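Q: Below you'll find the structure I mean.
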Amino acid sequence: MFIFLLFLTLTSGSDLDRCTTFDDVQAPNYTQHTSSMRGVYYPDEIFRSDTLYLTQDLFLPFYSNVTGFHTINHTFGNPVIPFKDGIYFAATEKSNVVRGWVFGSTMNNKSQSVIIINNSTNVVIRACNFELCDNPFFAVSKPMGTQTHTMIFDNAFNCTFEYISDAFSLDVSEKSGNFKHLREFVFKNKDGFLYVYKGYQPIDVVRDLPSGFNTLKPIFKLPLGINITNFRAILTAFSPAQDIWGTSAAAYFVGYLKPTTFMLKYDENGTITDAVDCSQNPLAELKCSVKSFEIDKGIYQTSNFRVVPSGDVVRFPNITNLCPFGEVFNATKFPSVYAWERKKISNCVADYSVLYNSTFFSTFKCYGVSATKLNDLCFSNVYADSFVVKGDDVRQIAPGQTGVIADYNYKLPDDFMGCVLAWNTRNIDATSTGNYNYKYRYLRHGKLRPFERDISNVPFSPDGKPCTPPALNCYWPLNDYGFYTTTGIGYQPYRVVVLSFELLNAPATVCGPKLSTDLIKNQCVNFNFNGLTGTGVLTPSSKRFQPFQQFGRDVSDFTDSVRDPKTSEILDISPCSFGGVSVITPGTNASSEVAVLYQDVNCTDVSTAIHADQLTPAWRIYSTGNNVFQTQAGCLIGAEHVDTSYECDIPIGAGICASYHTVSLLRSTSQKSIVAYTMSLGADSSIAYSNNTIAIPTNFSISITTEVMPVSMAKTSVDCNMYICGDSTECANLLLQYGSFCTQLNRALSGIAAEQDRNTREVFAQVKQMYKTPTLKYFGGFNFSQILPDPLKPTKRSFIEDLLFNKVTLADAGFMKQYGECLGDINARDLICAQKFNGLTVLPPLLTDDMIAAYTAALVSGTATAGWTFGAGAALQIPFAMQMAYRFNGIGVTQNVLYENQKQIANQFNKAISQIQESLTTTSTALGKLQDVVNQNAQALNTLVKQLSSNFGAISSVLNDILSRLDKVEAEVQIDRLITGRLQSLQTYVTQQLIRAAEIRASANLAATKMSECVLGQSKRVDFCGKGYHLMSFPQAAPHGVVFLHVTYVPSQERNFTTAPAICHEGKAYFPREGVFVFNGTSWFITQRNFFSPQIITTDNTFVSGNCDVVIGIINNTVYDPLQPELDSFKEELDKYFKNHTSPDVDLGDISGINASVVNIQKEIDRLNEVAKNLNESLIDLQELGKYEQYIKWPWYVWLGFIAGLIAIVMVTILLCCMTSCCSCLKGACSCGSCCKFDEDDSEPVLKGVKLHYT
């Protein structure tokens, strides 16, 4: 199969040949393919290393459709293709078939086109008016493998650009086999430049566009400045013989660029290694929102939908009369400057461009408005003031000027809005002999006010007294100009017209010649009503304006309504639709699946409420599917709604949770997906008396937890001027117009720094000096040496004494200290040192070992000798009995003191509680009075706050008015943008610091609480002081914080028990006094909640309350909407720079409605002072219990004497046995029952009813 060519002329390959036409050419088959991640290019020439970069430009969207064009045999696919915003062009080749392109609009000689071709020896680029061939192509002879013809255009003229590369040699022979080369190009025509990017990748494919990622690099930036709407490829035709032609196999693919945001990933070498199309899907947008390729599990707020206006609405009044400016400028005679005249211009169309473009005026200066924008504006009225001055005085006709003319003749206000036009009239108002008809005032008592006119001609005297010239110090106030045609230009006459514009405080009567458009309602549009410009949705309003009212403002002073100047219809202005979107993800490490929450939108309205047709393509996500779940928070798409409840992995809000689970729990598959469900505390049947299962610890282990809590952060300040402007003087001067913003920022930072110091003081002020910790200087990477005590200091006694003595400390009721001083180290003086206390003889309840030995020896001796001393030996038992009695007395009086102290504590505590309650009542009364006053002013204060906060909106209106009227110097515009952007950055930084400071403040408060509850006490809260049940805690200072070392015991083993909050028995409910009821499978027990210690349920550990009826109530079912922040008032700050602008009409309203009542709570304060006094009197005066310390250990001679005494007693006992009748009982020879029998004591114990348990 071949292609036949008609009228073919063979010439050398180096020449452009005459066009020819193909016969029997078949239309190519167009196929659709996916672009995968093709088409990414370097957006600029800036080196970036190891960073993520967001850029918005024309890109080929990822996984978009590209159209494939194929050439083989007589299928020659190079049609004219639309260019649109730009194209992605990829060619899969093996024989260099694609050789170039033609870009243009009409693609003929009626307009310029640009040709980019590879002619096998050079790359040639030309921009001309071409007579293009119908089928532009290169011809190659198959047998020779050489190029023979170049048939691209017949003629070229009006060439404005040409480029020829260095010479090279291209292999143009036909190849067989698979496609080996993938050449990618991106073309975009922007700002008069044609940008060309190129990439190459070796391939081995049979068909289709291979998937993959390859970054294209810039090769051309062509300054062509031509309109490009179409293009076509230039291919190669292969000729097996003369006059017979065919094509080789090749394919190219075309995709269209769109304005899209891409996130590019640069490696350390500045190479783009990965990219994200932010508009591809919700996950891609989420990655761009958080600027990360890896997303953790959670729900994330992404960008709002940004609606693009669908059109422009321009509405001006129905005025057709032209303004009579000619009557003003072409008047035959002008008045003198002191008697200037004014003409009111209204109800007409003003074409200011005629004045602006005229070369007739030597001076044309506008103030407060740009001359080039006058035709776009409307005014209530325009006033034209006219007069004549000399050339040198024209400069005084301006705001803020001084001089004879400005002070005594014609004065403009400082906030003047209008234009000054002046032109030389020497040919009209000057003569060769002098024209003295024009006068000016040169003397006056006091300066004129703006637009004040004084036409009097009363003689002037410095003292103000009447006089008649030519008397001394008496002058006529007017002087003649005397215009001569021969004088210099500074003394020549100039006619002046001052146009003053009255802003729209009334219906517009003077407008520019701008044509009105149709009114578009219920769509996002750019509007211009009498010069009021903005963007919003226009809807019919129910408001009723007064005839003179043109605009309406809300409570925040934002323009929210307008009168249509053509129809007088009242229209409401609302912002274009913005819909909040959240993305739920299980984390990119788990899955790329996401769900999308369209906030506050019904699922039935998702496609319309967000105005998908008006969304900008640069940043857009929209998801639909079968898994649609309507929630109170909005429409959730992409998550499967299930009734089963899981652990709440991702809280969405409004009672909805999401998790990533295996769906096999619901169906017989192993696929995982995002499931959404309604959070629940249990089924409806799970009422108070239902059985539930709890885990109770049965064994524990000691755990040490380190907890770091920040209480401060690094102090920062900002060199605002250097940060924003660097060394630029111009920027610094412009920054002055922003007032004290920088000072306020640093003031906020200083406040944060002071708060950090306060946090630190408050936390560490609770660390007591008496607190001791073990010698542990380093633990867990933290240094504990700052709070650890020094090594133990030596005690009062020496080491040897501590070795020989034991120390015992007792509570002293008041007699033990005297006893110790009396006793000294002589234990034998025990009874002698007995003390008197409240009429009783007392001894300390303390017996040392040597005292016990002495009294025991006396007792045994008295008992043993009683038989043979006829009872006299029993007297030795008296010391034992006396000291026992005295010691019981000592114990008794000590217990009595303790009891009395406890009684005093209870009484005084109860008294203090009553005083505290009374103080709380008094405080509540005082606060009630305060609340009443505050409530009375609430509405007025709310109104005032809204009016004050609305100033920022009014400022925006002022700026919009100024921007719509003024032309700025480009340099100042750029500097102002820089300042605004960096000020916003600084404000964001300070806001972040304030948020962080709030977090630090909360952390410091929590640290102070833990210092009190964990360090200075033992917390009963589980997991509050470490993990588990708290034992003790140690604090340690750390950088910007405090470290707690919590010692806890944590459950190591647990058992599950069935439990119930109460047990119903015989119609009554029994509740545990402490602990919980558990069921072990056979019986119910009561046990502690934190440790399994079952006890039998008795009336001692339960109490009865109420009946078995269950009352179920909802404590709180309130869902709070997010608060809308009020804008801060910058009125005082900006009044310095924006004064007397009438268009925004900033009005703080009538604040006289505030009730300025004085709160009188003096009685309550006096009562609080009295209560405080009573509380001070509640100090508990306890009887002092001193501490008595005694070191006890028998010395060696006591032991020796004790042993000797025992030996003597034994010997005496043996002697007695030998001397009495009991001697023979030892051998059993006689009865000695009365001597050797042991009596059995069957008496009851003294303490009856007391059972002793030994464990």
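Cβ from N, Cα, C; glycine included.
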Q: Among Cys742, Cys833, which cysteine is annotated in Swiss-Prot as forming a disulphide with Cys822?
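A: Looking through Cys742, Cys833, the record in Swiss-Prot gives Cys833 as the partner of Cys822.
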Q: Which one is it, Cys323, Cys366, that Swiss-Prot ties to Cys348 with a disulfide?
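A: Among Cys323, Cys366, the cysteine that Swiss-Prot links to Cys348 by a disulfide bond is Cys323.
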Q: Using Swiss-Prot as the reference, determine which range in 571-615, 931-975, 976-1020 is annotated coiled coil.
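A: The range carrying the coiled coil annotation in Swiss-Prot is 931-975.
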Q: In Swiss-Prot, one of 145-184, 265-304, 1105-1144, 1145-1184 is tagged region 'Heptad repeat 2'. Which stretch would that be?
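A: That would be 1145-1184, per the region 'Heptad repeat 2' entry in Swiss-Prot.
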Q: According to Swiss-Prot, which stretch among 798-819, 842-863, 864-885, 1216-1237 corresponds to the feature region 'Fusion peptide 1'?
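A: Per Swiss-Prot, the stretch marked region 'Fusion peptide 1' is 798-819.
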Q: With Cys378 as one half of a disulfide in Swiss-Prot, pick the other half from Cys419, Cys467, Cys474, Cys511.
A: Cys511
Q: Checking the contact step here: among the recorded positions Asn119, Cys133, Asn269, Asn357, which have a Cα within 10 Å of the Cα of Cys288 (disulfide bond)?
A: none
Q: Find the one among the disulfide-bonded residues Cys159, Cys419, Cys833 whose C-alpha lies closest to that of Asn269 (N-linked glycosylation site).
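A: The answer is Cys159.
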Q: Among the glycosylation sites Asn109, Asn357, Asn602, point out the residue whose Cβ has the most other Cβ atoms within 10 Å, with all shown protein chains included in the count.
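A: Counting every other Cβ within 10 Å of each candidate, the maximum falls on Asn109.
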Q: Reduce the DSSP letter at Cys159 (disulfide bond) to three states and note it down.
A: strand
Q: Give me the count of other Cβ atoms within 10 A of the Cβ belonging to Cys348 (disulfide bond).
A: 17
Q: Look at the disulfide-bonded residues Cys19, Cys378, Cys511 and tell me which residue has the greatest number of other C-beta atoms within 10 angstroms of its C-beta.
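A: Per the Cβ count, the most surrounded site is Cys378.
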Q: For Cys323, Cys822, listed as disulfide-bonded residues, tell me which one has the smallest number of other Cβ atoms within 10 Å.
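A: Each of the disulfide-bonded residues Cys323, Cys822 was scored; lowest Cβ tally within 10 Å is Cys822.
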Q: I need the CA-to-CA distance for Cys467 (disulfide bond) versus Asn318 (N-linked glycosylation site), whole Å please.
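A: Cys467 (disulfide bond) to Asn318 (N-linked glycosylation site), Cα-Cα distance: 58 Å.
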Q: Over the region 'Heptad repeat 1' (902-952), work out the mean pLDDT and round it to an integer.
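A: PLDDT averaged over the stretch: 50.
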Q: With an 8 Å cut-off on Cβ-Cβ distance and a minimum sequence separation of at least 6, pull the same-chain contacts of Cys474 (disulfide bond), or say none.
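A: The list for Cys474 (disulfide bond) reads Pro459, Phe460, Ser461, Cys467, Thr468, given in order along the sequence.
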